[in-house]
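These features come from Swiss-Prot:
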- CYS99, CYS102, CYS117, CYS120: Zn(2+) binding site (BINDING)
- GLU112, TYR125, GLN196, PRO197, TRP198, ALA199, PHE200, PRO201, ASN202, SER203, ALA246: substrate binding site (BINDING)
- ALA162, GLU182, GLU223: divalent metal cation 1 binding site (BINDING)
- GLU178, GLU182, GLU223: divalent metal cation 3 binding site (BINDING)
- GLU178: divalent metal cation 2 binding site (BINDING)
- 126-253: domain 'Nudix hydrolase' (DOMAIN)
- 163-184: motif 'Nudix box' (MOTIF)
Amino acid sequence: MKILQQDDFGYWLLTQGSNLYLVNNELPFGIAKDIDLEGLQAMQIGEWKNYPLWLVAEQESDEREYVSLSNLLSLPEDEFHILSRGVEINHFLKTHKFCGKCGHKTQQTQDELAVQCIHCGYQTYPVICPSIIVAVRRGHEILLANHKRHYSPNGGIYTTLAGFVEVGETFEQAVQREVFEETGISIKNLRYFGSQPWAFPNSQMVGFLADYESGEITLQESEIHDAQWFSYDQPLPELPPTGTIARKLIHVTLELCKAEHKCD
């Protein structure tokens, strides 16, 4: 981090937790003085549109109006990823002010994104928690679940199955375990789909497509309120927001369901 001078220039990432300050739904741009940033701490984390991109240290008291990152999923993908990166780096710096090995204070390294203990020299890098997310298809049907965190009296969001990768697991093993734990369904024909950074606060969602193999839906009641098979040609429940990897998985799977039905 450096102390900003009045003529420091570029795009500015200001965060409060997973919230960001935007101007007309865009990152503020200009010199530090004009955006009332002079004297604050910041670090350059890259470039955006060929200009420096600065992450400003989070302020305890700030009268600016912030917007949740989760409300910005409709932004272009590259812009959403820039915002996510800022949120994740901010979270890392806030939660690693002290050494996890000896408890002394840390300081940022000069040549890479990391913090180092000023006492024992132990170096820590941003923590990324890998999670899997999978869409399961059975013929012309897709398996969707209403997680307890998404439940509402009107039904709530139905989405794909997901969960964190456990220590010692492959991504493929995690997918098979999560699907079976949450719904009692066994799957086959597992294939990679894509990934999405998920800064809530520091996950990396790794997406898969899979086909039904066997089993009847048996809910993991501590996690899942409801799970059902939905046909592509029937009304669907409320789905995750556009821009999420969950919504992309659902869209692709519904297209596969439609193609399967045409071949019958």
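Glycine residues also receive a Cβ, built from the backbone N, Cα and C atoms like all the rest.
On the structure: features taken from Swiss-Prot.
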{"residue": "CYS102", "record": "Zn(2+) binding site", "contacts (Cβ under 8 Å, 6+ apart)": "CYS117, HIS119, CYS120, TYR122"}
{"residue": "GLU112", "record": "substrate binding site", "contacts (Cβ under 8 Å, 6+ apart)": "TYR125"}
{"residue": "ALA162", "record": "divalent metal cation 1 binding site", "contacts (Cβ under 8 Å, 6+ apart)": "SER131, ILE132, ILE133, VAL134, GLU178, MET205, ALA246"}
{"residue": "GLU182", "record": "divalent metal cation 1 binding site", "contacts (Cβ under 8 Å, 6+ apart)": "ALA145, LEU161, GLY163, LEU219, GLN220, GLU223, ILE224, ALA227"}
{"residue": "TRP198", "record": "substrate binding site", "contacts (Cβ under 8 Å, 6+ apart)": "SER84, SER131, GLN204, MET205"}
{"residue": "PHE200", "record": "substrate binding site", "contacts (Cβ under 8 Å, 6+ apart)": "SER18, LEU69, SER70"}
{"residue": "ASN202", "record": "substrate binding site", "contacts (Cβ under 8 Å, 6+ apart)": "GLU88, HIS91, PHE92, PRO126, VAL127, ILE128, CYS129"}
Rounded Cα distance, in Å, between CYS99 (Zn(2+) binding site) and GLN196 (substrate binding site) is 29
Same-chain residues at least 6 beyond the ends of the motif 'Nudix box' (163-184) with CB under 8 Å of its CB atoms are 129-132, 134, 136, 143, 145, 190, 203, 206, 208, 210, 215-220, 223-224, 227
DSSP output for PHE200 (substrate binding site) maps to coil
For GLU178 (divalent metal cation 3 binding site), the three-state DSSP class is helix
Same-chain shell around divalent metal cation 3 excluding GLU178, GLU182, GLU223, C-beta within 8 angstroms of the CB centroid, reads ALA145, LEU161, ALA162, GLY163, VAL179, GLU181, THR183, GLN220, ILE224
Sequence-ordered list of residues in the chain of GLN196 (substrate binding site) that lie 6 or more positions away and have a Cβ within less than 8 Å of its Cβ, or none, is GLN204, MET205, GLY207, THR244, ILE245
ALA246 (substrate binding site) -> DSSP, reduced to three states, gives helix
Neighbouring CB atoms within 10 angstroms of the CB of GLU178 (divalent metal cation 3 binding site), all protein chains considered, total 22
Fewest neighbouring Cβ atoms within 10 Å among the binding-site residues CYS99, CYS117, CYS120, ALA246 goes to CYS120
Cβ contacts within 10 Å for GLU223 (divalent metal cation 1 binding site), all chains included, total 16
Surrounding the recorded divalent metal cation 1 site, with Cβ no more than 8 Å from the Cβ centroid of ALA162, GLU182, GLU223 and those residues left out, we find ALA145, HIS147, LEU161, GLY163, GLU178, GLU181, GLN220, ILE224
Within 8 Å of the Cβ centroid of CYS99, CYS102, CYS117, CYS120, the other same-chain residues by Cβ around the recorded Zn(2+) site are GLY100, LYS101, GLY103, HIS104, THR106, ILE118, HIS119, GLY121, TYR122
Across the domain 'Nudix hydrolase' (126-253), DSSP yields 25 helix, 57 strand, 46 coil
